[in-house]
Each structure stands twice: as C-alpha cells, then as structure tokens.
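Read through the structure below, which is laid out as structure tokens, and then see the notes.
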Amino acid sequence: MEKKSEINGHAMPSSASTDRILEKGARKSFLEKLMEFLRKNLLVIMTVSGVLVGVGLGMMVRNMNLTKAQMTYFAFPGEMLLRMLKMIILPLVVCSLVSGAASLDTRSLGKLGGIAVAYFLVTTLIASGIGVALAFIIKPGVGAGALNTNNLGLESVSSDKETADSFLDLARNLFPANLVAAAFRSYATDYKMVAVGNDTNGTTLYQKVPVGTETDGMNILGLVLFAMVFGVALRKLGDEGEELIRFFNAFNEATMVLVSWIMWYIPFGIMFLVGSKIVEMEDVVLLVTSLGKYIFASILGHIIHGGIVLPLIYFGFTRKNPFSFLSGLITPFTTAFATCSSSATLPSMIKCVEENNGVDKRISRFILPIGATVNMDGAAIFQCIAAVFIAQLNNAELNAGQIFTILVTATASSVGAAGIPAGGIITIAIILEAIGLPTNDLSLMLAVDWIVDRTTTVVNVEGDALGAGILHHINQQEMKKEQEQQQDRELAEVRVEAVANVQAEEETSPLVMHQTKALAATPEAIESVL
C-alpha cells in the first residue's frame, strides 16, 4: 500500500507516485519530440535510406546476371525521376527568374548581380587552383603511360572543336535566335571541308570551314539571360507590367507545388537510380586500380573545396555556422549525388533553401537558377585534374603559361558546362585543345565519370546554396540599414515639426500677447497720446 499524506482533509499522492507521473510526462514529451523530428525530417531520412537500399539492391541484382533489356526495365523507376525533374526545369527557371528580377529594384538587382558574378568567378578560380595543385602533388598520370583506351575496352571520344569556336558558341547561345527552339536545342559549331582550288600538281586543296548546327539539349544560358532581362523590363513598365508579374509569380508558386509533390517520389526513384548504376558497372576493379589516383585526387579536391573553402567564405561574410545552413540541404545534396545533374537538383534546392534556411524568395529564385547554369566549382576541379592527368599520361611537361591557360579556360568553360550527367567531359576537350594536348584519352575520363561526377555535382550545388545564403545576408543588412535611415529621417522630421509647433505656440500665447501690449504702452507712447 502506498502511503498518502493528508492536507486539509484531502489525500495527497506520495513522492513515488509524483515521480511516476513526472516520468510519464517526460516520456510523453520525448515521444512527442521524436515524432516531431521524424515529421520534419521524414523526406531526408527516406532519401538517405533510398541511397543505402539502392546500393544493397544493386549488389543483390548484380549477381543475377541481367540482360541489357532487363537492366533497362530495372532502371525504369529511376528514369522516371529524371524525366520528372527535367520536365519541371524549364518553367521553374524561366518563371523564377522573371519573378525574381521583377521583384528586386534595379539598384538592388545590379548590386546583388555584381556580387553573385564576383562570388561565382572567385570560387571557380579557387576550385581550378585546388585542382591543378592536387594534380601536381598526387601526380595521377605518372606511371600510367601504359594505360590507354584500348586495354580497357573503351570507345574513343572525338572532339576536334577549336577553342575559339567553343567560346563563340557560348556567346551565341546567350542570344538564341528562336526562344521556343532554345527550350530544347542549343547552337553548336561543326566543320565541313570546302574546296578552295588546286595546287601546282593539280591536287584539290580543302579548307576546314565552321558551320552552325543545332544540337539536342536545352539552351539554358539563353533562357536565363532572356528571363532576367524580361523581368527587369516588366518592372520598368510600372503599373502596366504588374498583371504579367503577378502571372509569373502565380506560375512560379504553382511550379513549386509540383516540386513538393515530385520530392516525395525522390527516395523511390533514387533507390533505382543508384541500384541500376551499380548493376551496369562492368570491371570496376580494373578501372579503380588503373585510374585510382585520378579518382582520389578529384574526390579529395571536392572535399577540400566543399568542406573547407566554401564554408569559410560563407562564414567570412555572414559570421554564421555554415554547417547548420548546409544541414537543411541534405535532400538536394542526396538528389545531386544520385542524379549527377545540377539542373535536376534545382527544384528541391530552391524549396529547401527557402523552407529550411529562411532565404528570401526573391534572392533564392533569382540566384539559384543562375548558379545552376554558370557556377560549376566541382566541374572546374575535376577538369583541371583531368587536363594535368592527360598531360602526365602523355609525358608532356606543362610550363607556367600552359598552367595559367588551364586555370583561365577551366573557369571560363565551366560557365558553359551543361548541368547534366557527364556535361563536363566536353569542356575538358576545350582545355586540352587550348594547351595543345591530344583529346583521344578523354574516354578514360568518361569511364570513371559516373564516380567523380557525383561529388562534382554535390560541390556545384553547395556553391550555389552558400552563394544564395551570402546574398540573403547582404540583402538583410542593406534592408536593416535602410530601415534605420528611414527611422532617422522620420525622427528628424518629427523634431522639425515639434520645434515649429513650439514657436507657433509661443507667438500666439496670451502671455506673449500681453508682453507685446505692455511694451507698446511705453512712456513715449503715452506722451504722444497726451
């Protein structure tokens, strides 16, 4: 029997009963906290679990020796995820940039745009520097001279595009001739041989002439520039442009609702994306032993840049913990790791940056689509390592001028790198052409690109997210300053009004009037009356 004490004739529970009640309450609150945590982070937990289950599923199915057709069927749920994410890119990029540019005043847009461009350029240059330094320290191509395309059974990758034409194509794609075609095609230079006459022996002479062609793939650069300028033009219209701005805002919000629905399919799709990639792998041991130093150098570069350099830059600007900011972005990082596509990660990145980190919608929807297109830090790292690797593979000594060319070309060409799987491989060809190295070893990069491209994409999207965080902080500081200045102006106006009121009261008060009359009644005045 429990002992009970009596106060004013009422039985009170003993201390043991009280402890049990408190313990029950504590347990309940712990369960509530656990349920709240699970409710908030359910998507993140499911996404990470999807990757882990996908690895296990891939290992299990790998032993079943599936045919090529069966592998295609196995990869189908993952393919559906990629198709959904790609479907949403066009409306998301165009509408978010139009509404973002229209919601910022021209001065803020210019300032934030300038800071964003400077941030993208500086971080990409640092990434290129890290890549070149690691390639010279680790020397991934030294001793791998016997390695070539044939002994790994790889198809060769041909690229005879001139460096100048690559950069001219970049400029041409900024201004697409047809906006509708830009949604699914981009401009690319090809070459044809044209007869220009005969030599002294009567042999026909030919010249390689560049000709314009259209290649499949969205011209995201042209769409980004048009959407941004169109948003600024709508703001300039004033009241006349308000209806169209509201239309794009509503379109943008509706697109984000679609994104939130697609995000619930991500864990399931990722499971099959990762699983199918493991099933498709052929002789992994041979590739890793042959190109292990290259893979190690690339991933180490990504860890240094993404884990040290970018967080330090964020901390330097905001004086806030960068890792607490990044912890809210696990879902987009997992999506980036599984899809290897910056563009496909954009929808979930915008949603998580706004909801988990409180970044202003005007900032995130303006800067993240641009970042997904032009900011490729991870790509710059592996492109520089790949260029030095191929130079070492061919026993070519790189001089200071060539190293500088690698840095500049990698930074510039990463702007035009497609935000798709293996999009950076083509830009390596530009770097190799610029420093006069053969491009026939590019297939080696393509063979291990499915490994390196995962960490590349994670670093790419991390740079975009931290850039949005920095711009949000700068914008908040500017708004705070403007509010303080406004308050100071209002206080000054209040003081001026108060002083004017006091003076008016003094002039019209009875005491002042009485004093004035008294002064008027001086002896001289009285004398004149007499």
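Backbone N, Cα and C atoms are what each Cβ position is placed from, and that goes for glycine too.
Annotated features in TrEMBL:
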type: TRANSMEM; residues: 42-61; note: transmembrane segment
type: TRANSMEM; residues: 81-104; note: transmembrane segment
type: TRANSMEM; residues: 116-138; note: transmembrane segment
type: TRANSMEM; residues: 217-234; note: transmembrane segment
type: TRANSMEM; residues: 255-274; note: transmembrane segment
type: TRANSMEM; residues: 294-317; note: transmembrane segment
type: TRANSMEM; residues: 366-391; note: transmembrane segment
type: TRANSMEM; residues: 403-432; note: transmembrane segment
Would you confirm whether the transmembrane segment (366-391) and the transmembrane segment (42-61) meet the contact rule of 3 or more C-beta pairs below 8 angstroms, pairs 6 or more apart in sequence? no
Whether the transmembrane segment (81-104) meets the transmembrane segment (255-274): three or more C-beta pairs under 8 angstroms: yes
The transmembrane segment (42-61): which same-chain residues, six or more beyond its ends, come within Cβ distance under 8 Å? 74, 263-264, 266-279, 330-331, 334-335, 337-338
Sequence-remote partners of the transmembrane segment (116-138) [C-beta within less than 8 Å, at least six residues beyond its ends]: 293, 296-297, 300-301, 304-305, 309-310, 313, 367, 370-371, 374-378, 380-385, 387-389, 392, 403, 406-407, 410-411, 414, 459, 463, 467, 470-471
